Amino acid sequence: MVSHRNALVAAVRQELAEARGAARAVLAAAETARGEAQTRRQLVRDAYGTCLNQLAEARETARRDIQRRFQYETAKLAGNVRRVAALSATGAAAAPWRLWAPSEPERGGRPGLLRIGTLALDDAAPLPALIPLLDAAHLDLAGPAPAADGLITGLLLRALGSTRPGDVQLTVYDPEHLGGTLAAFAPLGISFVGPGGLGAMLDELVEHICRVNETVLAGNALPAPWRVVVLLCDTPELAAGHRAQLDRITRTGVTCGVHLIVRGARLADHETVVRIDLDAKKCDITGELEISFDPPPPADRVVSFCRETAERMRAGPPPAQLADLSPATFWAESSAHGLTAPIGDSTDGSLIEVPLGDDPPHALIGGPSGSGKTNLIYAWLAALATRYGPSELALYLLDFKEGVSFARFVPGPRDPSWLPQVRLAGINVNGDREFGLAMLRHLGEELRTRAQAAKRHDATKLAELRAEDPAGVWPRIVAVVDEFQVLLGGRDAVADEAVTLLEDLARRGRSQGIHLILASQDVSGIEALWGRSGLIGQFTLRIALPKARRILADNNLAAAVIPRHHAVVNTESGTAGANVVVRLPDAGDRLIWRTLQRRLWRLRPEGCEEPRLFDGDAVPRLPASCRPAGLVPDAATPVGSSPGAVLGERIDVAARPARLRLGRMPGRNLAVLGTRTDEACDVLAAAALSLAAQGPAHFSIVCLDPDAAGPAARLIAELPSADWFDALVEAPGLGIPHYVIGYALDAAVDAGTLRRLLTDGPEQRTHVLGWWRSVSRLRDSLGGPASRLDAIGAWVALDVQGADLAPLYPQPGGPAWYPRSRRALFFDRSVHRTPEVIIPYEVNSDHT
Ligand SMILES: Nc1ncnc2c1ncn2[C@@H]1O[C@H](COP(=O)(O)OP(=O)(O)OP(=O)(O)O)[C@@H](O)[C@H]1O
């Protein structure tokens with residue numbers, strides 16, 4: 001029993017031991033699992049922390065990135081807005097008060113926006129808060145009266161300061177303060193409306209709008225000035241009638257230049273109404289952005305501005321500047337149908353355009369000395385030359401005054417530029433009416449060429465010719481002749497031919513695009529002008545400067561009353577009633593002109609040639625091509641049948657040399673006549689050198705005057721083949737042309753030898769080119785008063801009166817010739833009907 005019990009205990013013990021062992025094993029496993037779980041938990045916790053950190057970092061980076069982009073975009077946007085704002089509101093419309101000054105609006109520009117304060121932007125410099133007014137809006141202000149009145153004062157100052165004096169007309173309804181609120185503006189002549197005047201004022205505005213609409217419907221431009229009406233109402237309620245009228249004005253005013261600025265009475269809703277809430281610091285235009293309103297302008301600034309503006313209004317707007325006559329784009333116009341260009345402005349500042357074309361075709365400018373004719377021509381030419389390029393306009397300019405007014409258009413020693421449209425300019429022409437004639441002849445040729453081209457293309461006027469012949473170059477030609485009375489003055493062949501040419505050009509130039517602008521101090525005495533109705537009748541454009549006589553019709557006295565630097569432009573031949581008064585800009589400033597000309601010059605097309613300049617005071621030099629240079633022709637070189645001796649420069653547009661043909665015919669000798677040694681020597685030297693340049697020739701120099709010995713020696717030094725003689729000799733036939741160059745042959749020559757040389761020489765190619773100091777001495781050297789002069793086929797007269805030349809001239813009485821310095825009269829019996837004036841070349845620059 002005991003053993004059984006012992007066994008049982010042992011068994012139990014065994015089982016218990018096993019159970020305990022198993023429990024311990026389970027516990028150990030559980031402990032291990034717990035440890036592992038705890039480790040895992042720690043890992044997860046750590047990972048979570050890392051993740052959180054990374055996320056926070058990423059979020060911070062993204063936030064910073066977004067903020068940077070936001071700042072960048074905001075700054076960019078603000079910059080753009082600031083630039084737009086700067087363009088939309090310039091000068092007085094936007095400047096802060098401390099820098100504020102009135103600014104001149106651009107000619108033809110529209111009014112911009114006006115600044116009322118600034119808009120605060122996060123992280124960006126504040127933007128100007130701008131609102132529209134003129135031509136755009138009515139303003140409705142809500143908020144405390146003093147702040148609103150200050151804002152209105154600022155707005156008015158900006159609107160007035162950025163427009164021309166008189167462009168804005170101000171009306172103020174201020175029943176409580178009886179105009180006191182805006183009294184600073186009183187010097188501008190504003191209308192103050194009292195407490196009882198609101199109805200009448202609104203009625204008047206409504207009528208004004210009706211009138212403006214009538215004008216616009218009639219096709220006329222919107223008339224200035226703008227009407228700005230300020231209503232300072234302290235009681236919001238208006239009488240029903242007033243309210244109805246105000247609503248009408250609100251709806252229709254802006255398009256008619258009527259603008260309301262209202263404080264205290266709400267304007268009806270309309271697209272043109274801009275509301276400004278001073279309490280909320282908001283405005284319709286700027287939306288949700290808060291406005292920091294500008295303070296009112298300093299009172300003294302308003303008062304001084306108004307005083308100065310009132311002064312300027314009394315004086316009128318300043319005259320246009322030369323630059324105002326230029327278009328925005330140069331050379332953009334076509335001259336097919338005419339030339340239109342402003343020459344100045346009217347007293348209200350608008351430019352006055354002057355037409356030239358089919359009607360009116362030509363212009364006559366008149367005004368006493370110093371009245372501004374040349375200035376007017378400068379201004380006109382500047383306006384034309386900036387509008388029409390060289391393929392549209394060609395200018396021929398001639399000034400018969402003693403002076404160089406057209407010299408600025410051609411290259412000079414200090415300025416190589418020229419006005420690209422100028423083809424020819426004549427200065428100091430007062431003594432050389434022949435040059436005027438030459439220009440008219442040249443234009444006459446051009447007229448003929450154009451008329452033939454028009455006939456070929458079946459065109460009746462320039463516009464048609466240009467349409468039919470698009471490849472042709474047919475610019476309109478404008479010929480300006482200043483002091484043209486010099487050309488027509490005098491009853492001689494020059495005046496007769498000039499009038500005939502002018503008449504032809506005036507009559508037919510209209511359809512061929514050739515226009516004349518003639519200016520004169522006094523046209524009243526030009527009989528040639530008034531005697532030919534066919535001529536004067538074509539000059540339908542008349543421009544009269546102050547005190548001009550006979551430019552306008554006899555009953556048109558406008559020129560007598562206009563002030564200095566003004567002109568009357570009349571396109572109906574000067575009839576009263578067709579006057580337009582123009583203020584002329586000062587176009588005389590050389591620097592301004594040079595700057596303009598340089599701009600045009602740089603635009604000149606390829607191949608644009610320098611203009612031909614004729615300067616009556618300049619002495620032309622013998623061209624290098626007329627001197628024997630390089631290879632000297634030898635005896636084997638063929639000799640032309642009639643070499644041409646160059647005697648001087650012809651007074652013509654091409655500046656060609658005048659030549660005397662020396663063929664093997666009787667009388668082919670030259671007599672240079674007169675006492676001016678220098679010029680006589682130059683004529684002989686030019687003749688000899690030019691002959692030597694043309695082929696083999698031999699020269700015999702005979703010099704009988706010690707004063708001419710220097711030039712004669714210089715000549716012989718330059719001639720390839722020449723001998724010096726102290727007396728006239730008969731040279732044997734050489735087989736090549738032989739020229740006897742005789743200086744002062746009247747001094748002492750054997751009459752028989754001279755006669756034989758003159759008579760028989762030319763047949764054997766021996767020609768005498770001699771200088772005699774007078775016609776009678778020439779005769780004496782040929783044997784006395786009865787001797788014949790047939791052997792002298794050509795002559796050049798220097799200081800010899802026309803009547804003295806009678807023995808050498810086919811018409812009785814001799815040619816009409818009054819000697820002039822550095823001018824000579826050339827007559828070649830075999831080619832001339834009438835003699836021609838030439839300018840002896842300067843051959844050697846010093847006349848020792
Ligand atoms: N619109 C103007 N504004 C300012 N100055 C002017 C104006 N017109 C002319 N003048 C000046 O008046 C003076 C005379 O002008 P201009 O030489 O044009 O007159 P003119 O009629 O051609 O005289 P003249 O026949 O004696 O040559 C010049 O000094 C010129 O600068």
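Each Cβ is built from the backbone N, Cα and C atoms, and glycine gets one as well.
Those TrEMBL annotations? Automatic predictions, nothing curated.
Pulled from TrEMBL, these are the features on record:
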DOMAIN    349-554  domain 'FtsK'
BINDING   GLY367, PRO368, SER369, GLY370, SER371, GLY372, LYS373, THR374  ATP binding site
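A map of TrEMBL features onto the structure.
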{"residue": "GLY367", "record": "ATP binding site", "Cβ contacts under 8 Å, 6 or more apart": "LYS373, GLN521, ALA544, LEU545, PRO546, LYS547, ALA548, ILE551, ALA559, ALA567"}
{"residue": "PRO368", "record": "ATP binding site", "Cβ contacts under 8 Å, 6 or more apart": "GLN521, ASP522, LEU545, LYS547, ALA548"}
{"residue": "SER369", "record": "ATP binding site", "Cβ contacts under 8 Å, 6 or more apart": "GLN521"}
{"residue": "GLY370", "record": "ATP binding site", "Cβ contacts under 8 Å, 6 or more apart": "none"}
{"residue": "SER371", "record": "ATP binding site", "Cβ contacts under 8 Å, 6 or more apart": "LEU545, PRO546, LYS547, ALA548, ARG564"}
{"residue": "GLY372", "record": "ATP binding site", "Cβ contacts under 8 Å, 6 or more apart": "LEU545, ARG564, HIS565, ALA567, LEU584"}
{"residue": "THR374", "record": "ATP binding site", "Cβ contacts under 8 Å, 6 or more apart": "ASP399, LYS401, SER405, ASP482, ALA519, GLY588"}
Quick one: of the binding-site residues PRO368, SER369, GLY372, LYS373, flag those whose CB is under 6 Å from ligand 1, and say none if nothing qualifies.
SER369, GLY372, LYS373
Per-residue pLDDT averaged over the domain 'FtsK' (349-554) comes to what?
91
In the three-state scheme derived from DSSP, which category covers SER369 (ATP binding site)?
coil
Determine which residues of this chain, when GLY367, PRO368, SER369, GLY370, SER371, GLY372, LYS373, THR374 are set aside, have a Cβ within 8 Å of the centroid of the ATP site's Cβ atoms, and list them as they appear in the sequence.
ASN375, GLN521, LEU545
Counting every protein chain shown, other Cβ atoms within 10 Å of the Cβ of LYS373 (ATP binding site) number 24
